[in-house]
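Notes follow once the structure below has been shown.
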Amino acid sequence: MLRIPVRKALVGLSKSPKGCVRTTATAASNLIEVFVDGQSVMVEPGTTVLQACEKVGMQIPRFCYHERLSVAGNCRMCLVEIEKAPKVVAACAMPVMKGWNILTNSEKSKKAREGVMEFLLANHPLDCPICDQGGECDLQDQSMMFGNDRSRFLEGKRAVEDKNIGPLVKTIMTRCIQCTRCIRFASEIAGVDDLGTTGRGNDMQVGTYIEKMFMSELSGNIIDICPVGALTSKPYAFTARPWETRKTESIDVMDAVGSNIVVSTRTGEVMRILPRMHEDINEXWISDKTRFAYDGLKRQRLTEPMVRNEKGLLTYTSWEDALSRVAGMLQSFQGKDVAAIAGGLVDAEALVALKDLLNRVDSDTLCTEEVFPTAGAGTDLRSNYLLNTTIAGVEEADVVLLVGTNPRFEAPLFNARIRKSWLHNDLKVALIGSPVDLTYTYDHLGDSPKILQDIASGSHPFSQVLKEAKKPMVVLGSSALQRNDGAAILAAVSSIAQKIRMTSGVTGDWKVMNILHRIASQVAALDLGYKPGVEAIRKNPPKVLFLLGADGGCITRQDLPKDCFIIYQGHHGDVGAPIADVILPGAAYTEKSATYVNTEGRAQQTKVAVTPPGLAREDWKIIRALSEIAGMTLPYDTLDQVRNRLEEVSPNLVRYDDIEGANYFQQANELSKLVNQQLLADPLVPPQLTIKDFYMTDSISRASQTMAKCVKAVTEGAQAVEEPSIC
């Protein structure tokens with residue numbers, strides 16, 4: 001794949017981790033003075049007319065321009081007059097010159113915009129009453145502000161056949177104004193060259209040329225950047241208007257990135273999920289699973305407590321009966337006879353409440369579904385299990401070594417950051433593991449974990465690349481640590497990171513060692529002292545097992561004694577609920593105010609957008625009620641009190657949107673030398689190799705019909721490619 005030539009000079013791009021469009025920093029003496037409607041403003045050389053206008057608060061209309069995409073300059077809506085210039089200019093593409101006087105509201109500027117708008121509306125169907133973009137449409141807003149009140153066009157309008165690009169994005173291409181935002185997003189951000197234009201002039205069309213699915217994990221973002229109703233959401237079609245919905249700022253838990261989102265609800269139902277700006281995490285994008293899996297929140301839900309009767313069937317019961325049965329078991333068994341497993345969607349408040357409850361019965365067998373090696377530094381040092389460089393820090397790196405991970409599907413927004421740096425900053429990327437399509441070129445070093453030993457010893461050619469780097473990153477996927485030689489892999493990567501710091505040009509506070517997690521609850525669980533993996537439970541099977549949202553299938557009925565009493569607390573009837581003796585229905589992430597910690601160690605909060613269905617309750621409240629019935633009441637009654645307890649155990653869990661600086665890398669490396677384990681010859685294979693593996697990874701996405709349609713569409717598309725029809 002060739003790198004796309006982005007015209008940085010026209011938009012003044014810099015290599016900044018905070019955003020894609022930045023003006024190049026220069027000394028104050030190099031600033032040039034321009035005037036916007038007579039108002040003086042000092043700007044850097046290379047600043048565009050549009051950026052200069054925005055600096056003084058003057059909004060210029062635009063359709064094709066987007067601050068995170070390259071400049072196209074083809075909609076002509078941003079035309080402005082430059083004093084003494086013979087013609088109006090495109091503000092988005094024209095760099096300013098010293099002394100220019102930009103006239104944004106002159107008669108010539110107004111007439112130019114009216115003319116452009118008249119041509120755009122000449123072929124637009126004007127079907128706003130049935131368009132899902134109505135109420136948040138740039139064409140509506142700008143035609144009202146900058147257009148004329150009548151049209152001179154009396155001929156027949158152009159019509160275009162709609163394209164089928166998959167089960168997520170609905171196309172009504174007659175509405176398309178050829179701004180090419182979607183094409184540039186696909187090529188530059190998503191790294192998938194599926195979209196383009198065919199024809200020219202009045203016959204120009206945007207599409208995939210041949211009918212095919214838009215194969216990207218970020219495809220839904222073209223809905224947001226489309227300025228008209230040409231690209232809309234298929235699952236959301238004809239369901240609500242934006243002014244009818246209530247918007248709640250929250251975060252996503254479909255992966256460990258912690259993307260910021262807006263949950264739109266109406267009448268107690270989640271209608272759609274949109275991205276929310278956070279420059280340090282997801283910028284303005286979200287993954288398709290984040291955006292479209294919300295329909296799984298209303299399917300296969302646990303709405304009432306259930307108990308297993310004498311016939312072995314689960315039947316509905318009251319909260320009092322269910323909690324009394326569980327309380328009786330907790331009173332009957334103590335210590336190692338009681339254990340708990342936390343799943344991937346559990347919040348920090350529930351984790352600390354469950355920890356306190358089990359401590360009341362003298363048990364510390366608290367495990368997570370995801371394995372993380374405890375040998376060496378293990379989870380004792382926080383820097384040993386975090387993405388220490390941070391997500392935004394990727395843009396400062398000059399070399400990235402990926403080990404046993406496929407970030408494109410395990411953490412799509414992190415992968416988008418890598419691609420962004422590769423595209424704009426000439427980042428060099430290498431991979432140890434199965435060859436996968438990461439949307440950017442990389443050096444494939446092989447799939448054997450023993451390559452790590454060669455790099456650490458300096459005998460591998462890539463060792464020299466790392467040595468010469470000024471800001472290298474080694475990113476180890478948590479999926480690689482699920483292997484039997486996970487401790488040896490972690491020790492080898494830690495050794496590489498330490499040797500890089502000692503022998504290369506790394507200076508200052510730059511961190512080399514990074515762990516990329518896949519599930520939202522893992523970092524908070526490790527912060528609270530949970531033991532990674534369920535090996536301790538397999539070795540010493542308990543009499544009472546508490547499954548807190550554990551739907552990963554890490555343990556089955558066959559792994560436990562026949563008389564083991566299993567309690568499942570969660571929000572979906574997925575993998576864990578069918579094996580339980582008692583089911584306690586909990587709340588999903590859109591139904592509670594809760595704390596989650598992402599892979600870089602940043603604590604963030606979800607907010608209540610809708611109420612839990614039926615009799616379901618927030619997880620920490622269920623555990624608090626259970627403790628009272630069992631006669632071991634936990635010392636908190638409100639959410640604030642629970643968070644005070646969180647602060648006592650791990651203060652960083654309540655420092656929201658803050659990252660605690662990681663350290664103790666040298667100590668972690670010294671402890672890693674104590675690991676007495678050999679690397680296996682088995683290849684490093686991440687669990688999510690293709691996009692089909694991306695869509696259904698947890699209880700919510702597995703319950704989503706939309707995600708099931710995506711898997712079906714990808715499967716059928718792959719079969720069509722493998723078995724072409726013979727004419």
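Using N, Cα and C of the backbone, Cβ positions are placed for all residues, glycine too.
Model, not experiment: these values are computed from the prediction.
The [4Fe-4S] cluster 2 site in Swiss-Prot is built from Cys176, Cys179, Cys182 plus one of Cys137, Cys226, namely Cys226. The [2Fe-2S] cluster site recorded in Swiss-Prot includes Cys64, Cys75, Cys78, and the single candidate from Cys53, Cys92 that the record places there is Cys92. Ranking the binding-site residues Cys64, Cys75, Cys137, Cys182 by the distance of their Cα atoms from the Cα of Lys467 (N6-acetyllysine) places Cys182 first. For Cys137 ([4Fe-4S] cluster 1 binding site), the same-chain residues 6+ apart in sequence whose C-beta sits under 8 angstroms from its C-beta are Cys128, Cys131, Pro227, Val228, Gly229. Taking CA atoms as the reference points, Lys84 (N6-acetyllysine) and Lys499 (N6-acetyllysine) are 62 Å apart. Each residue contributes its Cα atom, and for His124 ([4Fe-4S] cluster 1 binding site) and Cys182 ([4Fe-4S] cluster 2 binding site) those atoms are 18 Å apart. In the three-state DSSP scheme, Cys179 ([4Fe-4S] cluster 2 binding site) falls into the coil class. Within 8 A of the CB centroid of the [4Fe-4S] cluster 2 site residues Cys176, Cys179, Cys182, Cys226, the other residues of that chain are Ile177, Gln178, Thr180, Arg181, Val206, Ile222, Ile225, Pro227, Val228, Ala230, Leu231. A 10 Å cutoff on Cβ-Cβ distances gives Cys226 ([4Fe-4S] cluster 2 binding site) a total of 25 other Cβ atoms nearby, all chains included. Reduced to three states, the DSSP call for His124 ([4Fe-4S] cluster 1 binding site) is coil.
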